[in-house]
Amino acid sequence: MTNGMIRIIGLDPGLRRTGWGVIEAQGTRLTYVACGTILPPENAPMAERLAELHRGLAEVLARHAPDEAAVEETFVNMNPSSTLKLGQARGVVMLAPAQAGLSVAEYAPLLVKKTVVGAGRAEKAQIRMMIGVLLPKATPQTEDAADALAVAVTHAHHRGPAALRRAAL
């Protein structure tokens with residue numbers, strides 16, 4: 001982008017639903033571009049679901065041409081099988097923008113919540129409400145899309161050499 005403007009895609013990885021949100025940042029000014037949710041077929045074999053997730057992300061990346069990507073880190077839950085499946089989806093979510101030539105930064109959920117809401121233990125409803133305040137034209141239809149916009153906002157606030165170096169490791 002020109003004039004110091006950068007287009008950022010935020011991604012909230014999931015095997016059932018992956019949220020994406022695109023914003024433009026110029027200095028401290030943030031502008032909503034688009035958001036949505038990719039829904040791989042739930043009853044399809046794992047490889048097919050991952051392939052559909054990749055296809056959907058590649059389409060979004062081609063349509064919105066972001067300059068940088070940011071992905072929310074995932075947490076390990078009590079069910080090892082669920083954690084492994086989420087890890088596979090997260091791998092695809094990180095791969096697609098990297099294949100498109102983008103740097104991919106990662107942010108912990110706690111930092112995303114603290115950046116957007118001001119509290120690391122914020123609820124989903126608080127995140128969605130603050131996204132409406134920060135990006136008045138945004139109309140995320142799912143929590144996943146709202147979370148993805150929150151990841152993009154976090155990247156806009158925390159990006160820079162350190163975040164991009166972490167992404168390159």
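FYI, residue positions are counted from 1 along the chain as it appears here.
Placement of Cβ uses the backbone N, Cα and C atoms for every residue, glycine included.
In Swiss-Prot this protein carries:
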ACT_SITE  Asp12  active site
ACT_SITE  Glu72  active site
ACT_SITE  Asp144  active site
BINDING   Asp12, Asp144  Mg(2+) 1 binding site
BINDING   Glu72  Mg(2+) 2 binding site
Compile a sequence-ordered list of residues in the same chain as Asp12 (active site), six or more apart from it, whose Cβ lies below 8 A from its Cβ; state 'none' when nothing qualifies.
Thr18, Gly19, Trp20, Glu72, Asp144, Ala145, Asp147, Ala148, Val151
Tell me the Cβ neighbour count for Asp144 (active site), meaning other Cβ atoms within 10 Å of its Cβ, over all protein chains shown.
25
Could you find out if DSSP has Asp12 (active site) as helix, strand or coil?
strand
Including all protein chains displayed, how many Cβ atoms other than that of Glu72 (active site) lie within 10 Å of its Cβ?
24
